[in-house]
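Shown next, in structure tokens, is the structure this report addresses.
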């Protein structure tokens, strides 16, 4: 009996820490021929299918080398990476966007500057010149290898607009309000479906506010707040309130999220959406056939004389961790492989990705993505994307304030005060 | 007078085979050996984090990767002078003041009803327990599909001629918190009722029969017999629900409203989460966590005092 008790005690004493040690779940790997790649590509997506094939190709071409995937969803990836970094067990290469917390990774030595590697490996010429400044921090360090970007136009379902008697896509605020009246007269819930309760609404609010806000001033306000005391920001917000109160947005927009917005457009219920290229890739063909892309209509006397859109190259970059730097030869081979023209072309053609690399931008199977990337500058002006300027800690409170902005009855001054409060939350 | 029941087995052993202290000591050490892993585990993963929380509340730490420096009472001063903290405290207080009494009262009534074994009571138990079997994210999806602007609830209102009453329930400052509380209630009443029914089922039937002979109806039997007899157990269940609402309800807030619209549903537990994992202000987060811990402790003591067995 005593031996049995001793045995049970010993086994439990050994098993408890062993089971909690999570050896198999360790995100890092010390094997010099195993590269741990942390990303958020989910199985089943077109991007993952291409990546999977590219990884297999890399392993075939580099006998002995192995790529171990570590997949975390969206915003979780940042926290997972940071906690692993604290333990010195972070992945070698991370594919993630440049926004919020990742903006400070280089400062905190969570990742290493890659400008030297870009030059040494001769990859500078592969990157679109406009992408490099976005990935260069205030101290002139290139924080990651630019990988993918986005175009963020406004998508118009011309069939729905024509059915409501709207000829041509609206280009001015007055035309937008007129179109809203017409589609509502036919029983629609509004003209523009928008995720007023999440990031999609926050981007559109900031974009509309910029109708009366010069780019330099917009950058300063996004970084430091002060909306309530800025006459031009208030004028932009008053314009937003006019559109909201004229019924431009879907009823209950303050409670809609981006998924619902996409669903409204994919199922032909929404005539207009402000949609990022990644979501345009999923528009069903029968809807895509009748979609025309453009910019957000602007008011008379505003800062921009053409409808506005957003674009950027910060969707994802390849960051190298301190662990990755210790096996830099393997990292170099991997990044070179991803940066190959043939590899990039597969991501563009087969997954509808918008890459920050030179090469063909044609995606025959994703016509709307190709159209979004190739929107002529003669048709749209590009407003300032807030992401690179809004402090990391403010992003979420700002999204919560956005929901209040889409709530009927809230005036421009209150919205500005809500935005300022978000910077103090 | 109290009885020390821990002495009973020793007395029984003594009566049966005489005093054998060496064997008792050996058995005691064996039991202690068995408990060592659990104790180590407890110290490492319960006492350790608690101590860490107190330590972090005293440092300035702007993000997990950022360097930290000693801040003393600075984080507490910041927290206590932050209007958002007081708003969150008010929201948590409202949540507790509304959800806890409603949940415990309704659960007690339901639990009593179950002990009467009405027709279909087994099915009813399963139905009541169902929310506890659904994952948090699935529950949030259900709630969203019901409360979204184009969701089931608005659809019912519209088809019932109440279209003017439809609204974005989760995104309206007037209704968002009420929705979160309603979900807390839906989530907890059935589960708590089944727990209480288990205890109420152990109340001797003769006591009810005697009361019935004396002319007591269900209502009097419920509050004059069932409640006093199970008062201690009701206290335990109340404490559990108090802890869940006070510390765990960040989950529903995170999944449904992210603390919004504005800060309308930012309660204390969500504030602690949000400051740590989203806004990277760990010192503030853990200072708020310490205050939350102390408030939780006081709350538990209060519940224990109010609902302790008094006979």
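Cβ coordinates are placed from backbone N, Cα and C, and glycine is handled just like the others.
Keep in mind that TrEMBL annotations are predicted by a computer and have not been checked by a curator.
Feature annotation (TrEMBL): of B:151-174, B:175-198, the stretch labelled transmembrane segment is B:175-198.
Contact between the transmembrane segment (B:283-303) and the transmembrane segment (B:175-198) is not supported, since fewer than 3 Cβ pairs fall under 8 Å when only residues 6 or more apart in sequence are counted. By the Cβ criterion (distance under 8 Å, sequence gap of 6 or more), the transmembrane segment (B:229-247) is not counted as touching the transmembrane segment (B:126-147), fewer than 3 such pairs being found. Panel annotation: around the transmembrane segment (B:93-114), residues 121, 124-125, 128, 177, 180-181, 184-185, 188-190, 192-197, 199-200, 218, 222, 226-227, 234, 237-238, 241-242, 245-246, 249, 267, 299 of the same chain, lying at least six beyond its termini, place a Cβ under 8 Å from a Cβ of the stretch.
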